[in-house]
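Peer 1: These came from TrEMBL, pasted as-is:
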- 92-447: domain 'Peptidase A1' (DOMAIN)
- Asp110: active site (ACT_SITE)
- Cys123-Cys128: disulfide bond (DISULFID)
- Cys286-Cys290: disulfide bond (DISULFID)
- Asp295: active site (ACT_SITE)
- Cys328-Cys406: disulfide bond (DISULFID)
Amino acid sequence: MVLGCSGWMWGLQGISIPQPAPCPGGIPSDEDPRSPRVTLTRHRSLRKTLRDRGQLSQFWKAHKIDMVQYSEDCSAFTAANEPLINYLDMEYFGQISIGTPPQNFTVVFDTGSSNLWVPSVYCTSKACTEHARFQPSHSSTYQPVGVPFSIQYGTGSLTGVIGSDQVTVEGLTVTNQQFAESVSEPGKTFLDAEFDGILGLAYPSLAVDGVTPVFDNMMAQNLVELPIFSVYMSSNPDSPLGGELLFGGFDPSRFTGTLNWVPVTQQGYWQIHLDNVQVGGTVAFCKDGCQAIVDTGTSLLTGPTKDIKKLQKYIGATPMDGEYAVECSNLNVMPDVTFTINGLPYTLTPQAYTLMVRPQAHPQLPPARCRDQKSPFLPQIGWARGRPQLCSFSSPQEYSDGMAFCTSGFQGMDVAPPAGPLWVLGDVFIRQFYSVFDRGNNRVGLAPAAP
């Protein structure tokens, strides 16, 4: 699944906690060729680009998405039906190459899907012409497969054909890797996106057309030291390192304390059991337990729409131009949101679950809307101009000259049974908690990310 935010900190930073003992089998060293590090660079998300152009509301209407009342109809949510909204906020991308000689592509490494796809030179969509495109005739190792490929994205579909070639990820070359070459991409969905394609890292059961995922082939071809990979995402928007994906091991310098291992409950997504969700120390959602997935391909943190609407109210977020806004000066009085997983608390501070935005242009904004503040988790304080209500900004001038405003990092998304309902712990969560994905033991390891 492919939803970004910036500049956050975790509540226990600065506390000295002993480093973990080596895991069974050892932690691969930096020099081990079978534990390559993929540098993730951070780019401006599509949502930010559209907001700067004043085109965000137009995007919602064009794709029939009501971001305030209901995020998107995911009733047919399957491995081949990807919620369009997920791609708006992607910020962390890495490089791969396909073919001989290598053809380079920028991709999202997505633990919420299992296929690899890139644009084909035969693609006629405008989105393809703006990105790197794979030319099979230029690769001596390419083999056609010819099986049709299709994934539904919101109101349009990405279609293509399956081919086979060698895929190189930071020095690891996977041979005979099947991947999709897209020949049609929906509308303007991917036109302004700063990535060319997607490399899925979920379980094989999610793969469209039964294609073996890249990491499964890495394991089968003995290219990795251990059957695990780990993800670090920097919370510092000014850091030259956006993040890091490590195949075949994990890096203790990227987290504090010890990894807490959580069993995978269903082998499709990286799905785990969520004990409950607390707001300000009080259990507010998932009181009897529920299911969640750890997903690098979703930038925001999503949950059932009815729960997220209540959560937005609890944190004092107000609908504004299809998003939920909060007053940046209120972050110090907003409640923590805690996800209890395997008996342990994983707490997001307001600084972690909000996005500070510094627009580069004047978005088209609706008139001011105010309502009485009724959140039991917030003190009765004024919001924009000392008034005892919560109000959205009233004029573009309040955004002008680079003035910052804050939006919620929570997003409603309904996943219908039997796959759902699901909470999706996307990059908002992963930035705060280093994540290790262990295929050998079917578990996820979580620990506070190093500052």
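All positions are counted from 1 along the displayed chain.
Glycine residues also receive a Cβ, built from the backbone N, Cα and C atoms like all the rest.
Relative to the rest of the structure, where do these features sit?
Peer 2: Counting every protein chain shown, 23 other Cβ atoms lie within 10 Å of the Cβ of Asp110 (active site).
Cβ environment of Cys128 (disulfide bond): Pro119, Ser120, Ser182, Glu185 lie under 8 Å away, each six or more residues apart in the same chain.
Other Cβ atoms within 10 Å of the Cβ of Cys286 (disulfide bond) number 22 in total over all chains.
Long-range neighbours of Cys406 (disulfide bond) (same chain, six or more residues apart, CB within less than 8 Å of its CB): Ala325, Val326, Glu327, Cys328, Leu331, Thr354, Leu355, Met356, Val357.
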Peer 1: In the structure shown, with every protein chain counted, which of the disulfide-bonded residues Cys123, Cys290, Cys328 has the densest set of Cβ atoms within 10 angstroms of its Cβ?
Peer 2: Cys123
Peer 1: Applying a 10 Å Cβ distance cut-off over all chains shown, what neighbour count does Asp295 (active site) have?
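Peer 2: There are 30 of them.
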Peer 1: If one measures from the C-alpha of Cys123 (disulfide bond) to the C-alpha of Cys286 (disulfide bond), what distance in angstrom results, rounded to a whole number?
Peer 2: 44
Peer 1: Filter the recorded positions Cys286, Cys290, Asp295 down to the ones within 10 angstroms of Asp110 (active site), Cα to Cα, kept in sequence order.
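Peer 2: Cα filter at 10 Å returns Asp295.
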Peer 1: Quick one: average pLDDT across the domain 'Peptidase A1' (92-447), no decimals.
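Peer 2: Averaged over the domain 'Peptidase A1' (92-447), the predicted model reaches a pLDDT of 85.
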Peer 1: Between Cys286 (disulfide bond) and Asp295 (active site), what is the CA-CA distance rounded to a whole number of Å?
Peer 2: 19
